[in-house]
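Structure, as structure tokens:
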């Protein structure tokens, strides 16, 4: 009996000494939830003062394009977001005068299909290619220059500056601009180049020269025959004169 009591006490002591160690072990860390998909319009809504730009992003379908690009590929995107005050600076009726296609081009002109950090502006190559398309002069050129900490942007129609960094995560960069970027293709289209004058082919010119020569040949032959006839008449007259003179003598 005494022996059993000793074993029981020993077991209780063993449990008391090992339990705190078990209880003190940290529970496994819970993995953080993956970040939600990047949504440009939500970022702009959170920043405020981009109501008109958000409305145009949605109405043109560009917002859905950006959502798909950011969440289904590794390609970065840079957006120059004009504030609401930028749109109030436009001439009255400017947006309403645009066709649906031109509105899409206008919004796409504010999107660069690559990530551009603030430090990259100093070394970036001009003209920048936007999602609006051809960056050649007269179409959708966009040029960026820096002067100290100031980033200047020109489209050939609009000159403005970057006034703030709205958002940046290594894949998406959003910068606020002071004016709406107006592309040349929409707001200052160049007249089409005149068609070159039709050139006369060498073969046709040679044929024309040949025809001209052929036309002159009969005239030259006729002139020669007339000259021969005149000479013959003169000779005949002389012969007749000599014969008459000899006859009377």
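From the backbone N, Cα and C atoms, a Cβ is placed for every residue, glycine too.
Annotation source Swiss-Prot lists signal peptide at 1-24, citing sequence analysis.
Residues annotated as domain 'FAS1' in Swiss-Prot, with sequence analysis given as evidence: 37-181.
According to Swiss-Prot, the feature N-linked glycosylation site maps to 39 (among others), an assignment based on sequence analysis. Taken residue by residue with DSSP, residue 39 (N-linked glycosylation site) is part of neither helix nor strand, so it is coil. Same-chain residues at least 6 positions away in sequence with a Cβ under 8 Å from that of residue 39 (N-linked glycosylation site) are, in sequence order, 67.
Taken from Swiss-Prot, the feature N-linked glycosylation site covers 71 (among others), and the record attributes it to sequence analysis. Counting only same-chain residues six or more apart in sequence, the Cβ atoms lying under 8 angstroms from the Cβ of residue 71 (N-linked glycosylation site) belong to 37, 38.
A strand conformation is recorded for residue 143 (N-linked glycosylation site) in the three-state DSSP classification. Close to residue 143 (N-linked glycosylation site) in the fold, though at least 6 residues off in sequence, lie 126, 127, 128, 153, 154, 155, each with a CB less than 8 Å from its CB. Summarising the annotation, Swiss-Prot assigns N-linked glycosylation site to 143 (among others) and lists sequence analysis as the type of evidence.
Residues or ranges marked as N-linked glycosylation site in Swiss-Prot: 152 (among others). Spatially close to residue 152 (N-linked glycosylation site) yet at least six residues away along the chain are 144, 145, 146, 159, 160, 161, judged by Cβ distances under 8 angstroms.
Neighbour count (other Cβ atoms within 10 Å of the Cβ, all protein chains): 13 for residue 159 (N-linked glycosylation site). Positions annotated as N-linked glycosylation site by Swiss-Prot: 159 (among others).
What Swiss-Prot lists as region 'Disordered' is 186-219.
Per Swiss-Prot, GPI-anchor amidated aspartate is recorded for 220.
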